[in-house]
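Features as listed in Swiss-Prot:
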- 1-182: region 'Large ATPase domain (RuvB-L)' (REGION)
- Ile21, Arg22, Gly63, Lys66, Thr67, Thr68, Glu129, Asp130, Phe131, Arg172, Tyr182, Arg219: ATP binding site (BINDING)
- Thr67: Mg(2+) binding site (BINDING)
- 183-253: region 'Small ATPAse domain (RuvB-S)' (REGION)
- 256-351: region 'Head domain (RuvB-H)' (REGION)
- Arg292, Arg311, Arg316: DNA binding site (BINDING)
- 328-351: region 'Disordered' (REGION)
Amino acid sequence: MNDRLITPDASGEDEAIDRAIRPRRLTDYIGQPVVREQMEIFVHAARGRGEALDHTLIFGPPGLGKTTLAHIIANEMGVSMRQTSGPVLDKPGDLAALLTNLEPHDVLFVDEIHRLSAVVEEVLYPAMEDFQIDIMIGEGPAARSIKLDLPPFTLVGATTRAGLLTSPLRDRFGIVQRLEYYNVADLSGIVKRSAHLLNLSIDETGCQEIAGRARGTPRIANRLLRRVRDYAEVRADGHISGEVAHAAMELLNVDRNGFDEQDRRLLLAIMEKFDGGPVGLDSIAAAIGEERGTIEDVVEPYLIQQGYLMRTPRGRMATRNAWLHFGLNPPRQPDTSPDLFQDAPPVGRER
């Protein structure tokens, strides 16, 4: 389990709070302007025709609101939503039970859809295309296949790893939306809205202080808001100002770039112990006492995305941004250009 404060993965507390503060309509949805405008058009058009919305794939890094957008789609269409995840649907019968209980135009939301098994995918193809499923009745020589008609429905799939989707499944989605990391202004608006729903007192500088350290991720912003709330109630008068938020973040070891202690240890190890790299992952793991898998899957992605770390064929390297962030001078690169005036071979005499 990942217990980092700035992890984008959801905890039990996150899920409970998210349900309470989740926007219900596109008008309440902050950020992702292109996605919001496109979905507004698609939803209104489908509603106007009295049809189910096209099957929709939502992908992007964790914590950006894929589940929230699925709920909004169902609310905007005025239908119910059934929610499940790829690993849960391990048998075709599990999927068939869900599909046959849907009402016309309902939304079936499948999180981690890239983890569907091949046999379940085979059942899903005719369901998505023809709104029919084939079910086997009986066993052995007496077994026979029957077709069941399904009501028109919308499959909304969410994934953090769109590249792992099979081509036949990906091609059956009529709408594909990618969620991008949020800018500080949008995150500040999300923090302000969440604080209002949680009855917290906060000013603009407090919102910006939290938003700037949230790594572009609403889930992290809301988690930091709750921890700053705790600090404000115990160490201040309950109001979250810029100064209070800054003091809380310093206590929590989250700096202005959203780095925590693990991020700083990794970058400093590469710069101070390995002259900025390149250095192999196993050497880094030994230097900071962390598991290779944790570094690769948990710590590195954000540092690479933000331009502080590079993966090269020879290993990891700290970028110029990393040296500047810590106020360190990068080592001088050796000059490998040839010297035209030294060690030149003797010129023979002309005859």
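Note that Cβ sites are derived from N, Cα and C of the backbone, with glycine treated the same way.
Between the CA atoms of Arg316 (DNA binding site) and Thr67 (ATP binding site) there is a gap of 34 Å.
Summarising the DNA site geometry, the residues cited as binding it (Arg292, Arg311, Arg316) extend over a maximum Cα to Cα distance of 14 Å.
Within 8 Å of the Cβ centroid of the DNA site, not counting the listed residues Arg292, Arg311, Arg316, the chain contributes Gly280, Leu281, Ile284, Ile295, Glu296, Glu300, Gly315.
Of the residues the record lists as binding ATP, namely Ile21, Arg22, Gly63, Lys66, Thr67, Thr68, Glu129, Asp130, Phe131, Arg172, Tyr182, Arg219, the two whose Cα atoms sit farthest apart are 37 Å from each other.
In this view, the densest Cβ surroundings among the binding-site residues Arg292, Arg311, Arg316 belong to Arg316, judged by other Cβ atoms lying within 10 Å.
On the 0 to 100 pLDDT scale, the model's mean across the region 'Large ATPase domain (RuvB-L)' (1-182) is 90. Cα to Cα, Arg292 (DNA binding site) and Phe131 (ATP binding site) are separated by 45 Å. Working note on the binding-site residues Ile21, Thr67, Tyr182: by count of other C-beta atoms within 10 Å of each C-beta, Tyr182 ranks first. Between the C-alpha atoms of Ile21 (ATP binding site) and Arg311 (DNA binding site), the distance comes to 38 Å. The secondary structure of Arg292 (DNA binding site), as reduced to three states from DSSP, is helical.
DSSP gives Thr67 (ATP binding site) a helix state.
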